[in-house]
């Protein structure tokens with residue numbers, strides 16, 4: 001998938017599929033699938049490193065995981081999150097951070113928020129030829145300011161703010177916008193108001209595409225079960241079953257067998 005395919009898919013009313021990915025083996029699997037695009041999300045701090053929030057993601061962490069995913073990925077378009085405070089200092093520092101992610105293999109960056117400074121930064125990056133994906137609604141990097149993980153845009157004032165933010169991000173040059181944890185009617189209204197595509201997570205079926213976290217949709221963990229996640233596989237259960245089978249065969253001397261020995 002190429003950058004121009006995002007807008008084309010919206011025009012042709014073809015849904016966009018996006019999935020997070022954090023390592024080389026997973027990227028190799030994704031490469032053999034029909035997934036359109038991959039996000040090396042700052043959720044890696046939680047899903048892989050065990051931190052309680054995405055705020056703990058660093059530019060070094062994002063760079064390392066982007067390199068790993070890029071080595072294994074195929075035709076999918078690769079986007080990487082600019083981590084917490086990665087664009088809140090000088091524009092020069094922001095460009096340097098983005099440069100590191102692009103050199104690591106990212107084809108675009110995703111930036112959370114739509115305040116004046118953020119939109120100016122996005123415009124600066126886009127004018128420099130760097131594709132940027134926006135992100136509104138529940139923005140995990142602002143979790144403390146938002147008062148926790150909860151649905152955004154539930155009242156008319158918040159809804160109007162999100163509509164304005166989406167329009168501002170489009171004007172700033174974003175090629176797509178993630179809408180997270182927003183009522184489905186509002187997400188559909190935002191989607192219909194934009195020329196660029198929207199990617200939803202917890203935003204209903206009316207967005208131009210969907211994104212889920214690898215570990216959530218494959219059932220690799222069972223402690224985090226938000227309403228918007230559908231588990232397409234019970235990986236954790238199958239992994240435990242395989243591990244216990246290995247232990248049993250070792251204890252009963254069924255492994256290694258002759259075919260596993262020299």
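Cβ atoms are placed via backbone N, Cα and C, with glycine included.
Annotation for residue 81 (Mg(2+) binding site): same-chain Cβ neighbours under 8 Å, separated by at least 6 residues, are 39, 40, 41, 42, 43, 54, 57, 62, 109, 110, 112. As annotated by Swiss-Prot, Mg(2+) binding site applies to 42, 81, 112, with the evidence given as sequence analysis.
The annotation 3-methyl-2-oxobutanoate binding site is assigned in Swiss-Prot to 42, 43, 81, 110. The number of other CB atoms found within 10 A of the CB of residue 43 (3-methyl-2-oxobutanoate binding site), across every protein chain shown, is 21.
Counting only same-chain residues at least 6 apart in sequence, those with a Cβ under 8 Å from the Cβ of residue 180 (active site, proton acceptor) are 135, 136, 137, 138, 139, 140, 152, 200, 201, 202, 203. In the three-state DSSP assignment, the secondary structure recorded for residue 180 (active site, proton acceptor) is strand. The feature active site, proton acceptor is assigned by Swiss-Prot to 180, with sequence analysis given as support.
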Pick out which of the binding-site residues 42, 112 has the most other Cβ atoms within 10 Å of its own Cβ. 42
Helix, strand or coil by DSSP: which one applies to residue 110 (3-methyl-2-oxobutanoate binding site)? strand
Tally every other Cβ atom lying within 10 Å of the Cβ atom of residue 110 (3-methyl-2-oxobutanoate binding site). 23
